[in-house]
Amino acid sequence: MAKAPVNVTVTGAAGQIGYALLFRIASGQLLGVDTPVRLRLLEIPQAIKAAEGTAMELDDCAFPLLAGVDIYDDPRKAFDGVNVALLVGARPRTKGMERRDLLEANGGIFGPQGAAINDGAADDVRVLVVGNPANTNALIAQAHAPDIPADRFTAMTRLDHNRALSQLAAKLNVSVSDIKKLTIWGNHSATQYPDIFHAEVNGRSAVEAVNDEEWLRDTFIPTVAKRGAAIIEARGASSAASAANAAIDHVYDWVNGTPEGDWTSVALPSDGSYGVPEGLVSSFPVVSRNGSWEIVQGLEINEFSRERIDASVRELEEEREAVRALGLIK
């Protein structure tokens, strides 16, 4: 019997990431090649026309798995019955804008979207926040959705994870598929910590394979953490195709499971693991089993790692306090 279409809502659908994402979703790369999808594009009123143009192109691709495209400027309609929500649209930081202003502007987007998801989404809804500051935007959305299990709200650190894989593979002259068990900890920001202490390269310790703490400290970690800024500098625009690719990877693994013997990185509400305060949306090593993320337990955290994880967690705590002071969460 044919599967019923899965409702996938993409916010900021007319933007660059949305454009890089929608065609891949419609082709079956998000959920699998046997799962039809119905796309819902959510945009602000002034971008509806652009979204209509994208919908026309989606039609023109004649994707067999695409059951339809709907366009909305009302979150309540866009999230009604949604199974997968990709929250891409966010208020970007502009010149001279204070971080507090950025958090407040995004609170005005992600609070109402969280409430709309709470009221209308399907029982199995999964939410991925891509729009920055992603961790705290996910925290705000989740705080407005008290009826949905907290771990259904995630923020994307898969792009950082993929960037770290690529840098490590280049250093060791191996394929990215030869590397397992790499981790991004903390915030999707310059304080994030890409951790190779548990990673393996063809079954061997990655740290032993690299054998160069100076490279790890002074090249690898800052290159991964500041890669987004380097791309803006080179391209004149932020990462779009690579961000869309990471979103596809994140949801695909969430729905279909992570490969045996490996894990990935996801920011999700902490359960207190590894000393990260409960409820804080922080990146962890995770596996996906039966459609749910589980934090990998029992990893030894050395002093080098502890210091860096704690620094990123402190930043997340500061962001949480800032949005609490603004009345965006309780």
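Glycine is no exception: its Cβ is also placed from the backbone N, Cα and C atoms.
Summarising the annotation, Swiss-Prot assigns NAD(+) binding site to GLY12, ALA13, ALA14, GLY15, GLN16, ILE17, GLY18, ASN106, GLN113, VAL130, GLY131, ASN132. The substrate binding site annotation in Swiss-Prot covers ARG93, ARG99, ASN132, ARG163 and is backed by sequence analysis. Taken from Swiss-Prot, the feature active site, proton acceptor covers HIS188.
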Entry from the binding-site residues list GLN16, GLN113, ASN132 having the most other CB atoms no farther than 10 A: GLN113
Chain-internal residues near the residue listed as 'active site, proton acceptor', provided their CB is under 8 angstroms and they sit 6+ positions away: ASN132, PRO133, ALA134, ASN135, ALA155, MET156, THR157, LEU159, ASP160, ALA267, SER283
List of residues, in chain order, with Cβ under 8 A from that of ARG99 (substrate binding site) and at least 6 apart: ARG93, ALA322
The one of ARG93, ARG163 whose CB sees the fewest other CB atoms within 10 Å, among these binding-site residues: ARG93
Spatial separation of GLY131 (NAD(+) binding site) from ARG163 (substrate binding site) - C-alpha basis, Å: 18
Under 8 Å by Cβ from GLY12 (NAD(+) binding site), same chain, sequence gap 6 or more: GLY18, LEU42, GLU43, LEU87, VAL88, GLY89, ALA90, GLY131
GLY18 (NAD(+) binding site) CB neighbourhood, other CB atoms within 10 A: 25
Number of other Cβ atoms within 10 Å of the Cβ of GLY131 (NAD(+) binding site) across all protein chains: 25
Listed in sequence order, residues with CB under 8 A of ALA14 (NAD(+) binding site) and six or more positions away: LEU41, GLU43, ALA47, ILE48, ALA50, ALA51, GLY53, THR54
